[in-house]
Amino acid sequence: MAEEQQEVVPQESGLRKSRVQKVPELPILERRNWLIHLHYVRKDYESCKAVIKEQLQATQGVCEYAVYVQALILRLEGKIQESLELFQTCAVLNPTSSDNLKQVARSLFLLGKHKAAVEVYNEAARLNQKDWEICHNLGVCYLFLKDLSKSKEQLTLALQLHRQDLSAITLGKIQLQEGDIDGAIQTFTQALQLSPENTELLTTLGLLYLQNGLFQKAFEYLGNALTYDPSNYKGILAAGCMMQSHGDYDVALSKYRVAASSVPESSPLWNNIGMCFYGKKKYVAAISCLKRALYLSPFDWRVLYNLGLVHLSMQQYASAFHFLSAAISLHHGNAGLYMLLAVALTYLDDIENAKSSYQQAASLDQTDPLVNLNFAVLLYNQGDKKGALGQYQELERKVSALRETSTEFDPEMVDMAQKLGAALQVGESLVWTRQTKDPKGKQRGAGKGPGAEQAPLGSNQALGRAMSSAAGYSKASGLSSGITISTVSKHPSLPLEPEDPSLTSSTAPDYRRGHS
């Protein structure tokens, strides 16, 4: 029995030896790739670079993954040119990899070499024709090259390959640049189906509906954006602007107070706060806020415009002239600027230049009856009844055109027009959509004798108030550069400033159009 036991033991030990196997050796080129990846995803870049250095020394510098990760780290450190050279090395080590070419093109894009980036992306597309990121980045490059047709073509192809919100957002912004607001709304709505909690999309759609005058839908989308992100800066400004446009200044100020805690250095925010105080007739507080906005954004003509408007209301005409002239030097295409400048020049007794400013305003805006009304008042007070009659007839034509769109007019403007028509004895045919509270005033004015025709029409204060309500006949408030409210702007524009959103290393950033 003892001998049998002795024979069994060696057999068991032999089995144990056969089960113990040596760990297989990894190829020397990829031995430390797992450790490099581990340090990189943990953002332990110093340790990662140390391991990369050891790996490159051991492999004579031909380890593709080590070079690739080192290039990514250099890009994160802002060394774009050095990262480009390393990515080119990766492309030489593995010329069949589309990922290496995508990173080369990405570095060229970040260096501003968009044409070269397009060439490399096209080469990568030949290696991988079903990569939506290549099509998307080609669309972004063409966007920077101002080739909008090719940009839309590539972005549409990217959406066909893979439905995602990034390409849809960029495509919608291109449609906004082309003025296709309805198409942009449709594109953003489709993108929202892919990403229903995207606050940027919700805010953008809210602003577009606000621009089209669909306040109910605008409020719905903006409310959803604030539900997902209560500190959403653009959403807060847009919601506050809607309340501000309807005269709810206290509620709007409460909204702006929330935004001020997160973005205290926002020029549009302080501009809106200033115009809330202006609506509450707290002119000193309005000027204080507007000057802070001007300090934060000294080349924003809208802030200068609003400062001129407030100074006109305070009868500080020289200061108003100063700010309005500065605004015109920055922006030449706004009729309201020239109209307010003409008012300031009128009070400064510079009649000839005031007439020139009114003529310029009338040539820039063929739809605003307020320009012709104030110009007619000036000519009437200067004794030019024939010229005043011509401007009044132009006023009648514009009012008739606006009446078809059910536009509501400012009561003060209606009252002034009726007084002017009574003085010129031509105002009986003018029908307003919104009458004044005292219709008898018009009858009394119409019954004046001929001897009263040349009496000065409108005091300085009345004319100043007419200017301060320059957009009173339009319910839509102006939105600009971050939803800045402008008292004259009748058509709000979508604030879309250039940003650098956090994207993957192989995806070029989307481009946002800067607003008017």
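Glycine is treated like the rest: Cβ placed from N, Cα and C.
Taken from Swiss-Prot as is:
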- 477-490: compositional bias 'Polar residues' (COMPBIAS)
- 492-506: compositional bias 'Low complexity' (COMPBIAS)
- 431-516: region 'Disordered' (REGION)
- 64-97: repeat 'TPR 1' (REPEAT)
- 98-131: repeat 'TPR 2' (REPEAT)
- 133-165: repeat 'TPR 3' (REPEAT)
- 166-198: repeat 'TPR 4' (REPEAT)
- 200-232: repeat 'TPR 5' (REPEAT)
- 234-266: repeat 'TPR 6' (REPEAT)
- 267-300: repeat 'TPR 7' (REPEAT)
- 302-334: repeat 'TPR 8' (REPEAT)
- 336-368: repeat 'TPR 9' (REPEAT)
- 370-402: repeat 'TPR 10' (REPEAT)
Residue counts (helix, strand, coil, in that order) that DSSP gives for the repeat 'TPR 1' (64-97) = 27 helix, 0 strand, 7 coil
Excluding the flanking five residues on each side, which residues at least 6 beyond the ends of the repeat 'TPR 1' (64-97) place their CB within less than 8 Å of a CB in that stretch?
-> 29-30, 32-33, 36-37, 40, 45, 48-49, 52, 55-56, 103-104, 107-108, 110-111, 127, 505
So what's the mean pLDDT when you look at the repeat 'TPR 7' (267-300)?
-> 94
How do the residues of the repeat 'TPR 2' (98-131) split into helix, strand and coil according to DSSP?
-> 27 helix, 0 strand, 7 coil
